[in-house]
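**Student:** From TrEMBL, here are the annotated features:
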{"type": "BINDING", "residues": "Ala25, Val26, Ala27, Gly28, Ser29, Gly30, Lys31, Thr32", "note": "ATP binding site"}
{"type": "COILED", "residues": "360-387", "note": "coiled coil"}
{"type": "DOMAIN", "residues": "4-278", "note": "domain 'UvrD-like helicase ATP-binding'"}
Amino acid sequence: MEFSKYQKEVFNFVNNGNGNAVVSAVAGSGKTTTIVNAAKLVPSNKKVLFLAFNKNIVEELSQRLQDCYNVKCSTSHAHGLQAIKKVYKYVRIFNGNRFFKDVTQCSVTESEILSVDSPQTLVYAFNKNSLKLLDLCRINLVKNGDIESIEKLVDMYNIEIVADEVNFVNKLLSKAYIFDTKTKTIDFTDMLTLPLTESFVKFIPKYDFIFVDECQDLSKAQRELMLHSLKPNGRFIAVGDRKQAINGFAGASTDSFDLLANLDNTKELPLSVNYRCGRSIIEMVKDIVPEIKSFENAIEGNVNYVKDFNGIVAGDMVLCRVTAPLVSLCLAFWKHGIKAYVRGNDIAEGLINLVLKQKVKTVSDLFRRFEKEKDNLEKQLAAKNVKAPKNASKYVLLCDKIECIETIAETNKTNSINELLDKMKKLFSDVNDNEKVCLSTIHKAKGLESDTAWIILPEKLPLTFDGQKDWEYQQELNLKYVAYTRAKKTLNIVNLSQKEILKAFNK
């Protein structure tokens, strides 16, 4: 294999450089191949840790590095667990959130929250929200009393609050970073956070070199655990793409890449050649990522501006910044015999929680409650001195959710809440199915690729709103970059409004 000049610069830094490096890798640049080959260059008398995102990637990397006996491939969780087991050889790993009982036995009961005739209840929604929010707080090392950070997590992860989850989670945080010496029970989040506490930090295994993949997606806990794993004068090589940081405040911090790149004795190196997309597609994102380059043998590819969906086939991907247009289009596909699904079971859960929160028994009542919900949010935003509340991101998101629900209800002509909830569950999926058209928000499409990608409502890339912060606008540009680089051969940009899309398809 002939390596690019950028890859060779990374190899040279590992061999002959000093300090750390953060490699800025554009989409489709072969970043994993680069750091695998870089790891092979480390002298055999040096201990090397290779941190990967999940077990499947660890297994793949272990195969590719099987001849390097000094290299250990691990997830951050498994690495942190080692430190805990050095103190307590036998621990019980709870497959879930170890605070499950604390949450489910809390003061919020079915008698206090009106339930509906459905297997999904508001109590269930409260419990699920609390467990999710608690995990997000822990991986970001949020401490008890930091209400502002807890509320930011609620907003950035679009958690549909149904009761007082914020204050409830704040109370649980008082014991979130304490090891239970009686039960010796931990969960997967503890594997990242407990090693950073006084009881375990000195037992974290140390390495001469640490290689990190997808560093823009590291949580605060993962980042701190990695840094605590370096020997004195140890070096790390982290690879990522700051322009693919699209998940906001938490799990993947907006500035995770830069927090590493800006550390003392750390150099940033480029990895700028894209091996995935056709040349014409790469030209479309150069205004966002000027350094991105096409592979010298790349195909030309096609970028088309279209006003219909002629030629769409199973395996194609339809991308949009917001969810509601995808729901409408998916239902239209079904009507015309085209197999399709909307990616994201958690989106369905958020919509279901929003329905349950209204405490109604008919869809007609639900629609009326939604109008009140929007009015209340507008007043709340105005009270916080938000200019043009209806253009605020939180209000736009609420309207997107409501539009999704209304579209599903109207298409299925149902007034039953139970039937509505059932339809929601069937519409969404997390399983990649090449026998169907995949409709996805750009957030959900990260890491995926398709020969052909269709972009609907391109005017929402970037999505702008009043009071938008600089980092929020940058993330909107990042979303455009991620969307366009999902296409390997053909990028179809659909220049139609939402209403025109459905009219064009129905023809």
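Note that the numbers count up from 1, one per residue, in the order the chain is shown.
Here the Cβ of each residue, glycine as well, is placed from N, Cα and C on the backbone.
Note that TrEMBL annotation is computational and uncurated.
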**Student:** Taking the recorded ATP site as Ala25, Val26, Ala27, Gly28, Ser29, Gly30, Lys31, Thr32, identify the other residues of that chain whose CB atom sits within 8 Å of the mean position of the site's CB atoms, giving them in sequence order.
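**Tutor:** Output for this site, in sequence order: Thr34, Asp241, Leu271, Asn274, Tyr275.
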**Student:** For a quick check of understanding: among the binding-site residues Ala25, Val26, Ala27, which residue's Cβ has the most other Cβ atoms within 10 Å?
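**Tutor:** Counting every other Cβ within 10 Å of each candidate, the maximum falls on Ala25.
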**Student:** Near the coiled coil (360-387), which same-chain residues lie under 8 Å Cβ to Cβ, leaving out any that are not at least 6 residues past its ends?
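**Tutor:** Sequence-remote neighbours of the coiled coil (360-387) are 116-117, 394-395, 398-399, 402, 405-406, 409, 414-417, 420, 466-467.
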**Student:** Across the coiled coil (360-387), what does the pLDDT come to on average, as a whole number?
**Tutor:** 88
**Student:** What does DSSP say about Ala25 (ATP binding site): helix, strand or coil?
**Tutor:** strand
